[in-house]
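Just below is one structure, and these are the notes that go with it.
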Amino acid sequence: MTEPEITPELIAAHGLKPDEYQRILEIIGRAPTFTELGIFSAMWNEHCSYKSSKKWLRTLPTTGPQVICGPGENAGVVDIGDGQAVIFKMESHNHPSYIEPYQGAATGVGGILRDVFTMGARPIAAMNALSFGEPSHPKTAHIVKGVVEGIGGYGNAFGVPTVGGEVRFHRAYNGNCLVNAFAAGLADADRIFYSAASGVGMPVVYLGAKTGRDGVGGATMASAEFDDTIEEKRPTVQVGDPFTEKRLLEACLELMASDSVISIQDMGAAGLTCSAVEMGDKGDLGIRLQLDAVPQREANMTAYEMMLSESQERMLMVLKPEKEAVARAIFEKWDLDFAIVGETIPEDRFLILHGNEVKADLPLKALSGTAPEYDRPWIETPAAAPLGAVPEVDPIEGLKALIGSPSYAHKAWVWEQYDSQVMADTVRAPGLGAGVVRVHGTPKALAFTSDVTPRYVKANPFEGGKQAVAEAYRNLTAVGARPLATTDNMNFGNPEKPEIMGQFVGAIEGIGAAVAALDMPIVSGNVSLYNETDGVGILPTPTIGAVGLLTSLDELIAGEPQAGDLALVIGTTAGHLGQSALLAEMFGREEGDAPPVDLEAEKRHGEFLRANRKLVRAAADLSDGGLALAAFEMAEAAGLGLTLTPSGTAALFGEDQARYLVACAPDRAEALQAAAEAAGVPLQEVGRFGGAAVTLAGASAPLADLSRLYRRAFAEAIGG
């Protein structure tokens, strides 16, 4: 088949800038072949190379005594004691999910699960953080339903519990939804599998499903803005099969137990190209591939298509040669393809053969380690104008504005489509703060949360970045867990715009300050840029996924109070209404500065709660919606009314940080107050749980009426 001529138009269609193409010519000393152009395009795009963000990502704290492996591998690895490790990561599948919601979201789940089990871990938990356009937008309902169905369809069939996440709506996501998928797994700390190839002449083996044309160019598509050609990009979305993925998991874990694996890498973005280059680059080796050996499910596939296909449920492995028969038998047993498609070579070459032709012969290091890296111009986000006057509101009407909004309404419509109990180790399912999963066969448990408040980040990227980490810290602490580490999913607009790059830089600096202060190093992550449609960008959304440890389930703090329990707030309430949920939902105002985050107070208050967990019956962090929303959610989950005594809009709905709401039996309140005084931690009694009404500063409504609104608003908003 004749390959197309390399023209400026073809170069631009591959997402390469003229100066980048000139650099390619200088590196290889000639014009590239069509396949080589595709390989450079895939490896040098934002999705694979992080060329606009690498400079700043390097500044993040990534080490600590608990960290076994930080960023750079498929997922982060953290020690949880007793010879065990938790392996986790969060990454985006934003562009594919907007184009084809079901498959985009489903393959996002599949990809993050492979990142975890390719390192030798059995997945035990999943989460997802979803951002959609306003419910009235004509595309939103279709996207929401497709994304949720795709996540549930893949995760449920694979057999991993979905234990948490978040869902928000905002007009800034009308043209770009965000689908951030998280997965965590367990492995023996001394049986972690890495991706660096080693040894010359070692067989490179293709594992899993066959290669088709789905997803060709997916990584390049994910590194560009959308415009009116969006429908033409539908073929770049991958198609997933969770049952094949489940077989691939079992085959890989069995293979790993057979001492056959030198290195292993899943085929994700840019497929065979990226997995082979990463393995060779990390091992300082070259790779030779013979594409005639690649299992194909479609006829007449070209070298270009095979190298750039993003067909799902595939792995690439460097195998111990003497173990070929053992490895082949395992994959045949699981009815999966096993094919030797190449070998490691000593030269710094990426050599691609197809038929009797050399389709690509490139310096491998130039594709990865020496890919372009930019120091993009950026400008600091201007300080927000001071918040103007906020009228006093009827507290019940303020609460109704929040619980009647799909962003804050009960999310049962979403969670009920996810299996949260498969594997029978889920202790806390979605809906009550952080998810909690038992570490099977031990007294331990792990807690999981994902958090960010994009309004804050837009108003003040530094404080917004800090707050995302601080809220994750509080959510883990509120279930009794000790926060261990984090993964970041950085979703931003076009980095070539200095104001957008400034948001990114500010958020990174805030995240870095918070993870350092709270001992929650970043161990993995993902960057998704160019989340814009026709030049309109999303809210800056640096999602933080976090994991915490309970050494025993005796440390678990419940989420539901009992009738008669006192409501107390740990922390200081100043009544910060800037960028608050109440302001946005009741008045349509996104004004003022984000609330400041005192990291020392965050740590001190969190440590106080964990140290005094035996004195409280239930706990929740205070964030969006302030005291009123958190207290309502806690009471409603238990089927209880409540009475809050603080008066004034700011006291009830302010979003001051470093605060927790706790429910405490009356006979333990005195001991808790004494402990707070001894620790120098502010503690204020604010009300009581019980009854059949919700009373806020004297205004009252039946719990049943509010609960009905709270539990119906989400489905009604999207026509569910």
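Please read every residue number as a count from 1 along the shown chain.
Here the Cβ of each residue, glycine as well, is placed from N, Cα and C on the backbone.
Under DSSP, HIS47 (active site) is assigned to a helix (H, G or I) in the three-state scheme. Residues annotated as active site in Swiss-Prot, with sequence analysis given as evidence: HIS47.
Taking a C-beta cut-off of under 8 Å and a sequence gap of six or more, HIS93 (active site, proton acceptor) has these contacts in its own chain: GLY104, ALA105, THR107, GLY108, GLY111, VAL179, ALA181. What Swiss-Prot records for HIS93 is active site, proton acceptor.
For TYR50 (ATP binding site), the number of other Cβ atoms no farther than 10 Å from its own Cβ, over all displayed protein chains, is 19. Marked as ATP binding site by Swiss-Prot: TYR50, LYS89, ASP488, GLY525.
GLU91 (Mg(2+) 1 binding site) falls within a strand segment according to DSSP. Taking the Cβ of GLU91 (Mg(2+) 1 binding site) as centre and 10 Å as the limit, one finds 26 other Cβ atoms among all the protein chains shown. As annotated by Swiss-Prot, Mg(2+) 1 binding site applies to GLU91, ASN526, with the evidence given as sequence analysis.
Cβ contacts within 10 Å of SER92 (substrate binding site), excluding its own Cβ and spanning all protein chains shown: 27. Swiss-Prot lists SER92, HIS93, ASN94, HIS95, ARG114, GLN238, GLU310, SER311, GLN312, SER528 with the feature substrate binding site, giving sequence analysis as the kind of evidence.
Residue environment of ASP115 (Mg(2+) 2 binding site) contains 28 other Cβ atoms, counted within 10 Å of its Cβ in all protein chains. The annotation Mg(2+) 2 binding site is assigned in Swiss-Prot to ASP115, ASP266.
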Cβ atoms near GLN312 (substrate binding site) (within 10 Å, other residues, all chains):
29
ARG114 (substrate binding site) and GLY525 (ATP binding site), Cα-Cα, nearest whole angstrom:
15
Nearest of the recorded positions (HIS47, ASP115, ASP266, ASP488, ASN526) to SER92 (substrate binding site), judged by Cα-Cα distance:
ASN526
Measuring C-alpha to C-alpha, could you say which of the recorded positions HIS47, ASP115, ASN526 are within 10 Å of LYS89 (ATP binding site)?
ASP115, ASN526
Write down the Cα-Cα distance for ASP266 (Mg(2+) 2 binding site) and ARG114 (substrate binding site), rounded and given in Å.
6
From the Cα of TYR50 (ATP binding site) across to the Cα of GLU91 (Mg(2+) 1 binding site), what is the distance in angstrom?
13
Please work out the number of neighbouring Cβ atoms within 10 Å of the Cβ of GLU310 (substrate binding site), leaving out its own Cβ.
32
